[in-house]
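Over in Swiss-Prot, the protein carries these features:
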type     : residues                                       : note
ACT_SITE : Asp172                                         : active site, nucleophile
ACT_SITE : Asp174                                         : active site, proton donor
BINDING  : Arg126, His144                                 : ATP binding site
BINDING  : Asp172, Asp174, Asp408                         : Mg(2+) binding site
BINDING  : Asp172, Asp174, Asp180, Thr208, Asp373, Lys381 : IMP binding site
Amino acid sequence: MSSRYRVEYHLKSHRKDGFIDWIKGLLAAPFVLHAVSHDGDDNDELATTQRVRSQYAEIFKDIESLVSDKILFDERNDQYRQYIESNDVEEVIPLGQPRLDLLVPTIGTFFTQLPLEKAFLWEDARKAISSRRMVAPSFNDIRHILNTAQVFHFIKQRKLKSKDQLRMCTFDGDVTLYEDGGSIVNTNPVIPLLVKLLSEGVCIGIVTAAGYDEAKTYESRLNGLITALNGSDLPYAKKRNLCVMGGESNYLFRYYEDGESFGFEAIDKEGWLLPRMCTWSQDDLTQTLDFAEKTLYRLKKRLNLPEEAIIMRKARAVGIVPGHFKDPETGNMVKIQLDREQLEEVVLTLQNSLEGFAPAQRIQYSCFDGGSDVWCDIGGKDLGVRALQHYYDPENPIKPSQTLHVGDQFAPVGSANDFKARLAGCTLWISSPKETVEYLRRLIHDE
């Protein structure tokens, strides 16, 4: 019963990724055709595995070609669109769509080529995907293959000393650099990897939903990293390439050292806000947060959420967070837990309600489920990443093809705030801080 429930839950439309599901469907045919028993005959097993591996690899090679075709097609469309805008053309001739858009209508933008065949063979050598007869290639298998392909691309660009080498790497905080609700302590294995990236001239941005207008909280959560950075022999200019973008795109802090003191200093909004963000009126921002707050109070009552659940209003965000209650047996304060279904009902209803609210349509906002709470932030991670791209190099902004965002929340609808980062750069979809470390080691050391 519980197993079936879990499967059905993960098939909900807002939890699926169209591209990964499509690839799973393509791989299902060779898996089903070769899911046979050879009664212990090692030669037949080996032959079947080789045949399955070959067919899987061919599928990924074909997808690789479709991605390349889409990149070229999108570039041509962008050039045509710019030509129309600059020449005031009245008659617009549609150029059509790349084939991948027709096959996967929800597909996003690819900023780089992806060596998917090579990535599959590498993952298959480690995990023996082709040798499985009872378990088909899974969502996680494909997620890892896509991640590995992206890493291989940047390794190749570094070796070629290409103009599209990695220039900026951004990270989510919780579940990416540290466990949910945790912090970077001195023993965190990600620290030397981040310092290594900085030493190679790569800018580092921590783009987090945690929104605070002062630096102390970020200094506390990232203490292990900034302590290591302060004690390193990196040139100060490279140390300064560590920034925190708080509230997704609302507060920017940059690393500094001044004598014995070090930490993060706040950067004035005039120095980094994108032009489109400057056009948002304060009235629209306030009305959007007011509306979201009223919606949360209404949902708290309708869903009979615990009284201890707190609706918290900030300057640029509003959310519902779990409170605490006193355990009658132990006398200790215990954190309440909101059910997964309650969190998703709240975030999806909030998103749907705001979509029909006029002031919200004149700005950008982001509704997401943080795992134990739900928030509505002004802005979004795509804006946070883009702001950093321009802030680090105003004269020659970092391109999406030179940007890598690492995060754990990429579900396409409602509950995931890393999803929008796909609009601003390449991405790695990880599920734990351990995976972040593994991919960074591979990226840096070509392991």
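The backbone N, Cα and C atoms fix where each Cβ goes, and this holds for glycine too.
Features as recorded by Swiss-Prot, highlighted on the structure.
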{"residue": "Arg126", "record": "ATP binding site", "CB count, 10 Å": "9"}
{"residue": "His144", "record": "ATP binding site", "CB count, 10 Å": "25"}
{"residue": "Asp172", "record": "active site, nucleophile", "CB count, 10 Å": "23"}
{"residue": "Asp174", "record": "active site, proton donor", "CB count, 10 Å": "22"}
{"residue": "Asp180", "record": "IMP binding site", "CB count, 10 Å": "13"}
{"residue": "Thr208", "record": "IMP binding site", "CB count, 10 Å": "27"}
{"residue": "Asp373", "record": "IMP binding site", "CB count, 10 Å": "19"}
{"residue": "Lys381", "record": "IMP binding site", "CB count, 10 Å": "30"}
{"residue": "Asp408", "record": "Mg(2+) binding site", "CB count, 10 Å": "21"}
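Checked against Lys381 (IMP binding site), the recorded positions Asp172, Asp174, Asp408 differ in C-alpha distance, with Asp172 being the nearest. According to DSSP, Asp174 (active site, proton donor) is assigned to a strand segment. For the pair formed by Arg126 (ATP binding site) and Asp408 (Mg(2+) binding site), distance between Cα atoms is given as 22 Å, rounded to the nearest Å. Closest to the residue listed as 'active site, proton donor' in space, going by CA atoms and restricting to the binding-site residues His144, Thr208, Asp373, is Thr208.
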